[in-house]
Amino acid sequence: MFVKQYDVIVVGGGHSGSEAALAASNLGSNTLLITTNLYNIGQMSCNPAMGGIAKGQMIKEIDALGGYSGIITDKSMIQFRMLNKSKGPAMWSPRAQCDRLKFSKEWRLTLEKKKNLSFFQSTVVDLIIKNYKVIGVKTILGIYIKSKSVILTNGTFLNGIIHIGDKKNSGGRISENSVKGLTEKLKKIGFFSGRMKTGTSPRLDGRSLDFSKMIEQLGDFPIEPFSYLSNLNILKQKKCYITHTNLETHNLLSKEFNRSPIFNGKIKCVGPRYCPSIEEKVYRFSNKENHQIFVEPEGVNTIEVYINGFSTSMPEEVQYKALLTIPGFEHAKMVRPGYAIEYDYFPPTQLKNNLETKLIENLFFAGQINGTTGYEEAAAQGLIAGINANLKINEKDPFILKRNEAYIGVLIDDLIYKGTEEPYRMFTSRAEYRILLRQDNADERLTHMGINLGLVSYDRIKKLKNKNKNKKQCFLFFKINKANNLILKENIKICDLLSRPEISIYDIIKLSLIKNFIKKNNIDKKILEQISLYIKYKGYLLKEEENVKKMYRLETIRIPNDFDYNQVKSISIEAREKLLNYKPNSIGEASRISGVSPSDIRILILFLIKK
């Protein structure tokens, strides 16, 4: 039934597991994907959307490296919006509303095209370990499957408990069993675990809603694909809608707080700070008269709509009564109730920066098992874990993205060195080099790395080369040619004209000289926007590049593996404990560890220089 030994076994078929399995198999590893239900591969367990603030950037990065989340998103997209357009370009973040069923179907089809990727529907309950090295897995039916490496991407399934009011039952997702025993086995080996909580909103029958009482939220045109390989042709986008809760909603929920597992003590673990339940919002912000609710279609051929902003674990009848008080929902029919789920995770400080565990060789963790929340964060970790599992078993150097290279680098660096005690989600504010890490330049930052790894297709290389050629040609044209600006009554170089804050690229392309050049050379709008951005933000970009060089200097000060921090008497006790625990490879890594102060770093540098 199974080959003698797989190169990589991926446990879990969500966003993280799917990316991990494809990355490993695309790099040549004979891979087995084990999941509890093959029909639920690539499920959107919560809202049917991809991208958003900082998350859209990560999808672009996954795509630039040769991952698939961007391609799948484009194939299932039913609405596109570019968020934060009123702010600077570092903040622009693409977001797509997706067809939930098509998204999952496309993942399954994509995975099944790989000849060296096999599938098995079962539950992994134990690992086979020899001399602190993983050599396989054991399933719930007692089947042993050997492998050179294992990637755990268990999502919310480890000892998952679902809460709806007073009712609670074991489950990793509604109507799906949780995974029991694996956490306990890992703890027995020496890992430590924690508990986290997340939740989802009710789904309603769209035919029962009065959309005339809501605010239409249309998609943006033109639609911009997430993948650099996609050519989108979506003629009609689905509408989303906005409505609001009110004091009647809040009063009804407040009276039933004692029936919420969040308030009555049944759920004791921490949920996502930036995605609280509706009852938490009403409680925390008692002075607010309303809260925004987004009504999002679940797909093209379904009546279901997702009620974004109304995540809840209240009893079903309370959820329903509260929903009826919202404008447009007066005659709503509930298709599925919202629920909360608590689950086990393993603090990510137990990992190396290639996502391999420090304790067990060739064992990798990715996704919510590491304390993150969100499809995009999970997919990014899966891609990196899949790459590094392949590299490790082939005795190659690990693939590690730096903080100045990608949001994915920021994500993993934060997890490894700072850890998390609440579900971690990515924001642009977490990246200190966010002007460099824009959504428009992910291919320029990362595709060459994907080429070196062997993940990037010829089509992708060809597209990037063509883009760079056109960009260089256009920039040179702007640099050497002058334009007669009738408004300013000046004849100046196009670059200088564009550097003025009151002049946009759209003003420039109206000039006949430039219009003819663009038409003749078939210059894409995105290239023009990138050149404009570089010219207008040149000072900021150069400053960030200088900051990167300063940080790089800290990274070059290496710390020996056997370095004894007890020798350094002047650093704080907390810093010494953290450094002994994390064992950073460089001063740069040490500086990012929570509890290690700039003063500790200065003392450490002086000590290393003297040595």
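Any Cβ shown, glycine's included, is placed from N, Cα and C.
The structure displayed is predicted, hence computed values, not measured ones.
Features as listed in Swiss-Prot:
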{"type": "BINDING", "residues": "Gly12, Gly13, Gly14, His15, Ser16, Gly17", "note": "FAD binding site"}
{"type": "BINDING", "residues": "271-285", "note": "NAD(+) binding site"}
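Sequence features, as recorded in Swiss-Prot, placed on the structure.
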{"residue": "Gly13", "record": "FAD binding site", "DSSP (3 states)": "coil"}
{"residue": "Gly271", "record": "NAD(+) binding site", "DSSP (3 states)": "coil"}
{"residue": "Ser277", "record": "NAD(+) binding site", "DSSP (3 states)": "coil"}
{"residue": "Tyr283", "record": "NAD(+) binding site", "DSSP (3 states)": "helix"}
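The Cβ centroid of Gly12, Gly13, Gly14, His15, Ser16, Gly17 marks the FAD site; residues of that chain outside this set whose Cβ lies within 8 Å of it are Val10, Ser18, Glu19, Ala20, Thr35, Ile41, Gly42, Thr153, Gly155, Gly367, Ala378, Gly382, given in sequence order. Taking each Cβ in turn and tallying the other Cβ atoms within 10 Å, the top scorer among the binding-site residues Tyr283, Phe285 is Tyr283. Sequence-distant contacts of Gly12 (FAD binding site), defined by Cβ-Cβ distance under 8 angstroms and a gap of at least six in the same chain, are Ile34, Thr35, Leu152, Thr153, Asn154, Gly155, Phe157, Gly367. All protein chains shown were included, and the count of other CB atoms within 10 Å of the CB of Lys281 (NAD(+) binding site) stands at 20. Taking the binding-site residues His15, Ser16, Gly17, Gly271, Ser277 in turn, the residue surrounded by the fewest other Cβ atoms inside 10 Å of its Cβ turns out to be Gly271. Applying an 8 A CB threshold to same-chain residues 6+ apart, the list for Glu279 (NAD(+) binding site) reads Leu253, Phe257, Ser260, Ile262, Phe263, Thr312, Ser313, Met314.
Contacts of Gly13 (FAD binding site) defined by a Cβ separation under 8 A and a same-chain sequence distance of 6+ are given as Ala21, Leu33, Thr35, Asn37, Leu38, Asn40, Ile41, Gly42, in order along the sequence. Taking only the Cα positions, the spacing between Gly14 (FAD binding site) and Lys281 (NAD(+) binding site) is 29 angstrom. Of the recorded residues, Ser277 (NAD(+) binding site) and His15 (FAD binding site) place their C-alpha atoms 23 Å from one another.
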